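In TrEMBL this protein carries:
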| type | residues | note |
| --- | --- | --- |
| DOMAIN | 7-410 | domain 'Enolpyruvate transferase' |
| BINDING | LYS22, ASN23 | phosphoenolpyruvate binding site |
| BINDING | ARG93, ARG122, PRO123, VAL124, GLU125, GLN126, ASP309, ILE331 | UDP-N-acetyl-alpha-D-glucosamine binding site |
| MOD_RES | CYS117 | 2-(S-cysteinyl)pyruvic acid O-phosphothioketal |
| ACT_SITE | CYS117 | active site, proton donor |
Amino acid sequence: MDKLLIRGGHPLHGEVTISGAKNAALPDLCAALLTAEPVVLRNVPRLQDVATMLQLIRNMGVEAEHASDGSVRIDASRLSTPEAPYELVKTMRASVLALGPLLARFGEATVSLPGGCAIGSRPVEQHIKGLQAMGAQIVVEHGYMIARLPEGRTRLQGTRITTDMVTVTGTENFLMAAALAEGETVLENAAMEPEIVDLAEMLIKMGARIEGHGTSRITIQGVERLHGCDHQVVADRIEAGTFLCAVAATGGDVVLRHARADHLGAVLDKLRDAGVQIEAVEGGLRVKSAGRLKGQSFRTTEYPGFPTDMQAQFMALNVISRGAVSVTETIFENRFMHVNELVRLGAKIQIDGKVAMVEGVERLSGATVMATDLRASASLVIAGLVATGETVVDRIYHLDRGYDCMEAKLRAIGADIERI
Ligand code: EPU
């Protein structure tokens, strides 16, 4: 099993190119299932979850190749098996994104129910309820969601969907399903993340009629047919945020190509309050950091609030900053798995329910730690970059799921990091 060996204490200098967003590329790949015409997606990151999604759609009879320039050409004209089997879904919950488009285009879909995962129970009952409201008949049998349209119907029916909580992939499933439904669908309490906007923009290029994406109320007028398109995946705000935290922690001066300030508001505010200098430069962001930072309390919320996907990485920064602060996780019930590992490196953190109290220490010391999920792994890498001596991060397959060449990018800007 691959591990990362990090020798900490090197400031970072130079330039990093931020890849396309994992959490946009995954729904975009599923959106390509909505048409029989070829779709070209550009700027698709090379990471394990994308490889899994490509495997999932190929398994359905779709042609899809990830070219060396980062583009993927998808031809779903011969899609024959509208199914997402357990073997693939268990490794990537985002497979549930196949449900909406398959149901909309074929009137049937069989998708394994994703189980819980390291960060929480993560049920999908909102996806099921919303699609049922659009007229789908869905039963859960033998661990699978078996969905079909009632006898005599060929399309889903537009309706009003108000979810009990804001759900990102739920909103994405409804957007894709509603694009081909009959009549108007209104999504209330919709997620507003940049990845939702990216998907909506792709669907509009395919001929969908969507308004209000980027707000909590999205209106979709269903069309009978969608077409092929050529679409560039938006830059990964979480990858950019991760590199911002890494530079903030180690000190240095780095330009992040393609990073977008408008997608990182809450994170940039906290970094600036901590004492990090961040400025917009042509085509990206420049981050400069020197000396010890000031710890920042924060609470994760839906976009445009502080992202749960940045909680662990910012906590790694708080751990070595001045002062005692609180970190409150409101999205997932179990997203503090990195805490015990950070403690192994010398961090002082106490957890009380949804709140982690962090008391900044002057230094961390290298140790062997274990990655437990994707963003937890990233936080351990950041901690390793500042710890004295050697840190080994075990089980980095979690990191490979969601970061495109993270250690190569870090090495290029001066980190002493290698895969062993
Ligand atoms: N929820 C339910 N029932 C549902 C749907 C959601 O109870 O039917 C709950 C979840 O358990 C959670 C909250 O609602 O407590 C929000 O979950 P959401 O549905 O928004 O999460 P998701 O769509 O499964 C996406 C990202 C996650 C990111 C969350 C929150 C993708 C592929 N995944 O997950 O990304 O943390 O939104 O922003 O877009 C990651 O990249 O590391 C990652 C976990």
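The chain as shown is numbered from 1 upward.
Even glycines carry a Cβ here, placed using N, Cα and C.
Secondary structure from DSSP puts ILE331 (UDP-N-acetyl-alpha-D-glucosamine binding site) in coil.
Only VAL124, ILE331 of the recorded positions listed as CYS117, VAL124, ILE331 bring a Cβ under 6 Å of any atom of ligand 1; the order follows the sequence. Spacing of VAL124 (UDP-N-acetyl-alpha-D-glucosamine binding site) relative to the residue listed as '2-(S-cysteinyl)pyruvic acid O-phosphothioketal' is 13 Å (Cα to Cα, whole number). For the domain 'Enolpyruvate transferase' (7-410), the predicted model reports an average pLDDT of 97. Of the listed recorded positions, namely ASN23, CYS117, GLU125, ASP309, ILE331, the sparsest Cβ surroundings within 10 Å are found at GLU125. The Cβ of LYS22 (phosphoenolpyruvate binding site) has 26 neighbouring Cβ atoms from other residues within 10 Å, across all protein chains displayed. Spread of the UDP-N-acetyl-alpha-D-glucosamine binding residues is 22 Å (greatest Cα-Cα distance among ARG93, ARG122, PRO123, VAL124, GLU125, GLN126, ASP309, ILE331).
Ranked by Cα separation from PRO123 (UDP-N-acetyl-alpha-D-glucosamine binding site), the recorded positions LYS22, ASN23, CYS117 are led by CYS117.
A Cα-Cα distance of 12 Å separates ASP309 (UDP-N-acetyl-alpha-D-glucosamine binding site) from LYS22 (phosphoenolpyruvate binding site). Recorded residues ARG93 (UDP-N-acetyl-alpha-D-glucosamine binding site) and the residue listed as '2-(S-cysteinyl)pyruvic acid O-phosphothioketal' have their alpha carbons 8 Å apart, per Cα-Cα distance. Distance noted between the C-alpha atoms of GLN126 (UDP-N-acetyl-alpha-D-glucosamine binding site) and ASN23 (phosphoenolpyruvate binding site) is 19 Å. In the three-state DSSP classification, VAL124 (UDP-N-acetyl-alpha-D-glucosamine binding site) falls within coil.
Across the binding-site residues listed here (ARG122, GLN126), the residue whose Cβ sits among the most other Cβ atoms within 10 Å is GLN126.
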